[in-house]
Structures are given as C-alpha cells and as structure tokens.
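A.B. asks: For 1-28, the entry in Swiss-Prot reads signal peptide, with the evidence type sequence analysis. Taken from Swiss-Prot, the feature domain 'L,D-TPase catalytic' covers 125-250, and the record attributes it to sequence analysis. Annotation comment: Swiss-Prot describes Tyr190, Ser203, Gly204, Asn228 as substrate binding site. Swiss-Prot lists His208 with the feature active site, proton donor/acceptor. According to Swiss-Prot, the imipenem binding site annotation covers His208, His224, Cys226, Asn228. According to Swiss-Prot, the feature active site, nucleophile maps to Cys226.
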Amino acid sequence: MRRVVRYLSVVVAITLMLTAESVSIATAAVPPLQPIPGVASVSPANGAVVGVAHPVVVTFTTPVTDRRAVERSIRISTPHNTTGHFEWVASNVVRWVPHRYWPPHTRVSVGVQELTEGFETGDALIGVASISAHTFTVSRNGEVLRTMPASLGKPSRPTPIGSFHAMSKERTVVMDSRTIGIPLNSSDGYLLTAHYAVRVTWSGVYVHSAPWSVNSQGYANVSHGCINLSPDNAAWYFDAVTVGDPIEVVG
C-alpha cells in the first residue's frame with residue numbers, strides 16, 4: 001500500500017511540474033502588448049476647410065512598433081462612408097488617404113485614441129496638367145474654369161505622373177538647383193525666386209509663375225519638373241486653390 005501511495009505521489013508531482021512548465025512556455029510564447037504612443041498632431045486641423053484630396057495625417061510622439069494596433073485606433077467617418085487606406089510616411093507618421101476624393105462640402109470626423117476632431121471639404125477644385133498638350137486645366141465641381149498654357153519638366157527632368165494635392169501655398173519661394181543635385185555652376189543650375197508657388201511634392205515640384213518660360217508655355221516642356229505658368233495665370237490659380245485640392249499630372 002505504501003508503494004502505491006508513493007507511486008501516486010510521484011505521478012502527481014511530475015504532472016504538476018509538467019503543467020507548470022507548459023504554462024510557463026505558453027506564457028513566454030505570447031509577446032507583450034506594445035503601448036500605443038501619444039498623439040502629437042492631427043492634420044487637417046480641427047474645424048479646417050480643405051480640398052477634397054487632403055489626407056488625414058496623424059503624427060505620434062515616438063516611433064510606432066505595432067502599426068496595425070495604431071491603425072485600428074484611428075476612426076474616419078463621413079456621411080458618405082468614404083473608403084480609403086493607410087500609408088506610413090515615417091516611423092511615427094501615418095496618413096489615411098481616400099481611395100478617390102472626399103465628396104465636396106462634406107464633414108469628416110476623425111477619432112484617434114481619446115481625441116475626436118473633424119474638418120470640412122470645400123469645392124472640388126481640380127487642376128490637371130497635361131505633359132503632351134502643354135496645358136494646365138482647372139475645373140470646379142466638374143465645370144472647366146480655365147485652360148492655361150503650361151510648360152512641364154523637360155525629358156531629363158520630367159514632371160512625375162500621378163495624382164497629388166496642393167500641399168502648401170507660398171507667395172514667394174527660393175528655388176535652388178543644389179537641392180535636387182544640380183550644382184549652381186552647371187549649365188542646368190539655377191538660383192531664383194518664384195512667385196505664386198503651390199507645392200505639389202516634398203521633392204520640390206510646384207505650380208508657379210515662370211515669366212522666363214512664357215514663350216515655351218503651350219508648346220514645349222522646358223522646366224526642371226515644375227509646372228510653369230505665366231504670371232497672370234499663376235496668380236489666378238494661387239488665389240483659387242486651397243490646400244488639399246487635387247493636382248493630377250497626365251501624359
């Protein structure tokens with residue numbers, strides 16, 4: 001009888017050890033939850049009125065390790081149930097881009113963690129630059145307002161094709177060829193001040209006034225990638241455009 005009791009005691013002890021070890025292994029196999037960093041800023045600003053292509057940009061205080069968890073914490077809603085997708089542009093910056101454009105004159109609600117903000121869209125003011133036609137056509141809510149002669153990037157410095165949006169408006173901007181790798185002493189070098197500049201890309205593409213290329217506008221592409229307009233046309237577009245308005249470049 002003592003042998004049976006001793007045998008059962010050993011079996012129970014081994015079972016408890018194995019169970020404890022299994023729990024320990026299972027616990028170790030589950031990665032700890034990563035905390036979601038705090039929110040540094042949300043763009044567009046609360047209450048802003050922007051163009052229909054403006055993405056929602058959320059900047060966090062520190063780099064994000066669990067991107068899916070962060071994406072799940074961001075809530076975008078409109079009366080039209082606009083669909084879109086996330087794009088990470090830096091380790092702590094994510095943007096939500098509508099698949100097409102926001103509907104004009106729509107309220108967009110943005111929730112991030114405990115924050116709830118919102119902005120509105122204005123008219124659908126769309127600028128279309130045609131590389132082959134050498135034109136820049138602006139329409140508002142489907143109605144063409146003006147088709148302007150333009151000069152885009154020359155073959156060695158082509159204007160990128162795609163869908164963009166007006167990122168900022170600068171009454172004057174200094175353009176320095178060294179920022180795109182061209183020395184000032186090169187035959188292609190330049191250092192000049194451009195007026196009525198609307199930023200298209202962070203790499204330095206603008207729609208801007210270019211009195212030096214007026215004779216080529218409508219006929220030839222001679223710029224370093226920017227969309228050149230006459231001073232009058234550039235001033236007109238500068239006054240009409242809102243940050244977030246779509247800018248499309250076609251072949």
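Even glycines carry a Cβ here, placed using N, Cα and C.
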A.B. asks: To test your reading of the imipenem site: which residues beyond His208, His224, Cys226, Asn228, same chain only, put their Cβ within 8 Å of the Cβ centroid of those residues?
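C.D. replies: Nearby residues not in the site list: Ser151, Met175, Ala194, Val205, Tyr206, Val207, Ala210, Ser213, Ser223, Gly225, Ile227.
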A.B. asks: Check the Cα-Cα distances from Tyr190 (substrate binding site) to the recorded positions His208, His224, Cys226 and tell me which is shortest.
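C.D. replies: Sorting the recorded positions by distance from Tyr190 (substrate binding site), the top entry is His224.
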A.B. asks: Looking only at C-alpha atoms, tell me how far His208 (active site, proton donor/acceptor) is from Asn228 (substrate binding site), rounded to the nearest Å.
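C.D. replies: Just about 6 Å between their Cα atoms.
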A.B. asks: Can you check which residue among the recorded positions Ser203, His208, Asn228 has the largest number of Cβ atoms within 10 Å of its own?
C.D. replies: Asn228
A.B. asks: Using a 10 Å cut-off on Cβ-Cβ distances across all protein chains shown, tell me which of the binding-site residues (Gly204, His224) has the largest neighbour count.
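C.D. replies: Answer by Cβ density within 10 Å: His224.
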A.B. asks: Could you tell me the C-alpha distance between His224 (imipenem binding site) and Gly204 (substrate binding site) in angstrom, no decimals?
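C.D. replies: It is 10 Å, counting Cα to Cα.
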A.B. asks: Could you check what DSSP calls Tyr190 (substrate binding site) once collapsed to helix, strand or coil?
C.D. replies: coil
A.B. asks: Go through Tyr190, Cys226, the listed binding-site residues, and name the one with the sparsest Cβ surroundings, counting other Cβ atoms within 10 Å.
C.D. replies: Tyr190
